[in-house]
Each structure stands twice: as C-alpha cells, then as structure tokens.
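Positions annotated as domain 'Protein kinase' by TrEMBL: 191-375. If you look up TrEMBL, you'll see K219 marked as ATP binding site.
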Amino acid sequence: MADPIGTAKQIVKMALAIRRAVQTVRRNEEECRDIEQLATRVSSILSQLLETAAAAATSDPAMDGAMAALERSLDRALKLVTSCQKRSTMHRVCAAGAMARQLRRVQDDILRQMVLGVFATTTQLTLSLNMLVQPGAGAPPPAHPPRSGSRWPSSLGIEARIRHLRFSGLEATAGLKKFSLSELETATDHFSEENIIGRGGHSIVYKGVLDDGLMVAIKLYNPSSRIPADRLHERVHDELRLVSKLRHKNFVNFLGYCLAVEEVNEDEGSEDESFRITQVSSSFMVGEYMPNASLDRIINGIGSRLHWSSVFHIIQGIAQGVKILHDRNIVHLDLKPSNILLDSDFNPKIGDFGVARELDLGENDLSDNHFVGSM
C-alpha cells in the first residue's frame, strides 16, 4: 500500500519545483502561472495535513489512489512547464497553441484529481457518520419505536452534512470561501428590500458590504414547487464548480457560498425530538459587485449612454469570453444582455452559469429534456 504521507511530501516538493520553473518560462506564461497557482494551493492544503498529528491515520485505499494520481498529474505539469523554458524562438511560435492546450489539459487533470480526492474523503466520512447514527450499532434501542405509517429518521441530518461536505470540496479545489449566514445578514442589513438589485425565476440578488469593506453581490436561491431544494442546491454546486474554472477578466468572479440550514420535523403530527432532522433550506453565492448593472439596462436606455469606443470595447470583451467558453467546451445556454454585467470601467463580464453545460472531450453536441435559456 502506498505511503500517503510520503506521497504528500513529494507533491509539496513538486509544487515548489513548478513555482521555481514558472519564474523562467519563455512562452505560454499565462497557462504556466495558472498551473503554478493551482499547484501552490494543493501544496498549502497538503502542508496542513502533514502538520496534523493524525495525518498518519489517513491511509485509505481510495485516498491513496487519488494522491498517487495527483502526484502523476503534477509530475506531468512540471515537465510541461519546464519544456516552456527550452524551445527555440521558431519552435515557440509554431507550438505555442499546442502547448497551451496541453497545459490546460494537465490543469484540468489536476483539478479532477483534487475533486476525486475530496470525493474519496467525503465518502469515507459519510460511511463513518452512517455507522454513528445507525440504530442498533452498539447503541441501546430507541425509547420510542417508529410509528405506523411514518419513516424512522435513520440519518439525522446526514443529507445536510453530505451536502456541506460536497460544497466544502469547492473550498479546497476552487479557493471559494464558506460564508456564515450571519455574515451575509450583516452585509445586506438583514436582506433589506433597499439592497435588492435583481430578481430571477428562483433567485434574488442583493448588494452587500463585507466586514473588510468589500462590496459584493449576494445571490439567494430559494426552492419552489418547480425546482425542489435538492435539485436547486445541486445546480448551485455545479455552477460554482464551473465558474471556478473561469478565472478571467470577462467572467464574473465568485468569492464563496453559504448554505443555510433549518430543523424540520419528519412526523408533522409529533412533537417527539427524535423525528427532527437538519436540512439545507437556502443556498447563497457571493460574487463581485457590478456597479454599472447589466447590458440590457444600457440597451433599454435606463443606464448611462455610451460612446462608440466603449460599445466596441464591450463587444470585444464579450467575444473574448465566448471564445474562452468555446475553447473549454462550455456551453452557456442563456447568454443574453441581462447576463452581461459591467464593472466600474464598463468592462463586460459574463455571468449566470446556472444552466450552463460542460461538454466532454470529443463531444460535439448535447441534449436535455428541460427547456433552457430565455424568450
């Protein structure tokens, strides 16, 4: 069985080597620096693991495999970054595009291995939690047997914990912060009507100010009869996972998320505490605030009038963003003026990836049983 601690130490060393190599690359600098940032994040996370006294007890076949795969991905990344230091001028010009694709593929592979590692850890922890709450597993029998016609809550809050664990994986792989509900309440003056800056079919967007003075946009997703809570929270998770791959000036940058939980009684006719479970009630996404609102306000004459040079700048920025989506096999499915946001300098940023899809490599089309987009 592989030694997880030895593998972790080797990954940290590789991350340091990538960091040094990037300082002297002569081409594909942007892609190389993206890999450096990702490798540094991996190194920081694993360094915390190595400093933990319980690290020696983390050995698990699934986790060992994920760590070994991550080590191979970083090794391949190091070789590619190193090769960007050596080629001749003519070769650099001819092969820059091909090398960029290889670097992006290895970056995606590192992200994929990180997600698999989080999944392995989450699964192991979920099994442990299930063993803790499983009735009859070394614990005395319940004082109140299940009532006829009602479902005994065999997992008190387990689904909510699993959902939190899945979102927590985004903290590790995408650098997203987990905000508390109280932080968002303070930032928006308890979600006051005066701070509402947008509404959607299943969401409300608030303007807020964090404790450090940063102005943000906070998107609240509420379940409805059309979209149940589970499906809505999955959509939020998938959107965060997708936008975390699009760190670019022409995409809205997201800072983090929040999951609000509440206790409900599974047996509505009972006051028995045994039937109370914890579930996720609402989801929030926290992103950068766009002071000049959206492009549709400009088109409809609500916002500022723009000079032709500014209009061309906006068109150019949207085109650059769409090209990046195309290069990364991402289909937005709802690209419209209201989803093109403008920052303080009227730089366009594509937002709202709630119905976006990421095609697999080699896949040229996709089908969906649900209507998407807007009329």
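Just so you know, glycine gets a Cβ as well, placed from its N, Cα and C.
All annotation found in TrEMBL is predicted automatically rather than curated by experts.
Per-residue pLDDT, averaged along the domain 'Protein kinase' (191-375), amounts to 81 for this model. All chains included, 23 other C-beta atoms sit within 10 angstroms of the C-beta of K219 (ATP binding site).
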